[in-house]
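Below: one structure, written as structure tokens.
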Amino acid sequence: IGNTVLHILVLQPNKTFACHMYSLILSYDKNKEGPGSLELIPNNEGLTPFKLAGVEGNTVMFQYLMQKRKQSLWSFGPLTTVLYDITEIDSWAEDQSFLELIVSTKKREARQILDLTPVKELVSLKWNMYGRPYFCFLALFYILYMVCFTMCCVYRPLKPRTGNKTSNRDNTVYVQKMLQESYVAYEDELRLVGELITVIGAVVILVLEIPDILRVGAAKYFGQTILGGPFHIIVITYACMILVTMVMRLTSTTGEVVPMSFALVLGWCNVMYFARGFQMLGPFTIMIQKMIFGDLMRFCWLMAVVILGFASAFYIIFQTENPENLGQFYNYPMSLFTTFELFLTIIDGPANYDVDLPFMYSVVYFAFAIIAALLMLNLLIAMMGDTHWRVAHEQDELWRAQVVATTVMLERKLPRCLWPRSGICGREYGLGDRWYLRIEDRVDPNKHKMMRYTEAFKPQDRDNYDKGSEKLEINRDTMYKKELSALSLSRSTSRTSSHRGWEILRRNT
């Protein structure tokens, strides 16, 4: 019951009342230390009161709980050394990491905790000492891996075509070799080494990604942009395309260019994931994801309807015409592709002025140009501009959340020998087995002095003077006398407060 009440207090809107009641309930806890403490009992979602405060973005309760956990080590003048308990904050040996919970929640207030002590210092320590070097090395390794895969695709086994052309539009001159012909020369053996590296890399990607999907859940794993959700979809699809290409090569099945071309596009697009390691480029990856899965996905439905309607009209108009004079609409798939190019203004309107064009082509193309080029494209630009404006206002906050998500990901996937635990064990200071983060703080005493001087020079009888000035409007005949009395009263008040302020200055001097 006490643990349930603690969780309810974390969700209370009255933060001051919640903190006092929280402290009162803990004062009656018999097991204040150890696993039996009320603060360490999780709810049905596996969240302790401390983690729940972080997920809900309750910064007041979080700071209150951190003040209870800190230990003052020593103080010398303005310098103070404090030990902060990071038992639940640190993602080391935590099944449900506090940092991962903060960056995966949909509440923006929760990300403000990343700027509070000691979370900010812990993330900075982890990222600067281990996260950034490992992440840069991983980015370089992935780029070299993609270069190897690209070279294997460029020099894939091909042979000249021996069969006759089926039509005048057939433009194929090379075909894919069979498996027995693909690995004969010395160059083929070099390509085989690169292909083995590519396949092993795809298997490693699947082995690393699948356990995280099972642990977190597909909806949360692929749906969070800060956690790199769309990039996880891209890299898993890339690995599957590599395995499909391998099966088609081993079975000598024609058409390996389809999965191979998909894998090339997805693999190189995944390089943008490593931009999150840099403050200048990190927010732009979030911006691209929000535009693609927000604005562009909604816009594509409207675009598909327009393209289907006008492509069908163009195909019907040129169905009776000679395709050699204007071949952009000679069949229905080609009409769809041409209309898509016209929609994005990639090409100009096709026309052959040596022959007579149907009259309806001019009418339909006029309507298409008005709707597509002038209306819908400008609508898309306006939508993307609004998304850019919203993301730009929180780009620093999003980049810090990206850094936290990347740090937690590296800490989980790397061996323990490459990523030692951050902080100081409490046994060194006689504080048990808990881990602490040592932070040195500098308190400027001049700020407190200036606040005292400001308060001393403030006129304290301003409210009484305002009430007296309102009463002056009752009688116009005595207005002048009351103004004089109020003026003398304000002068005496200001003189008294000023005198008190100068006395404080003399004593401090």
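Backbone N, Cα and C define each Cβ position, glycine as well.
Noted in TrEMBL for the protein shown:
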TRANSMEM  134-158  transmembrane segment
DOMAIN    135-394  domain 'Ion transport'
TRANSMEM  192-210  transmembrane segment
TRANSMEM  231-251  transmembrane segment
TRANSMEM  257-275  transmembrane segment
TRANSMEM  296-318  transmembrane segment
TRANSMEM  359-381  transmembrane segment
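Most Cβ pairs within less than 8 Å of the transmembrane segment (257-275), among stretches 134-158, 231-251, 296-318, 359-381, belong to 231-251. Long-range neighbours of the transmembrane segment (192-210) within the same chain, counting only residues 6 or more positions beyond its ends whose Cβ lies under 8 Å from a Cβ of the stretch, are 145, 148-149, 151-152, 183, 232, 235-236, 238-240, 242-243, 246, 413. Long-range Cβ contacts of the transmembrane segment (231-251) within its own chain (Cβ-Cβ under 8 Å, at least 6 residues beyond either end) map to 149, 179, 182, 195, 198-199, 201-203, 205-206, 209, 221-222, 259-260, 262-263, 266-267, 269-270, 272-273. This prediction places the mean pLDDT of the domain 'Ion transport' (135-394) at 83.
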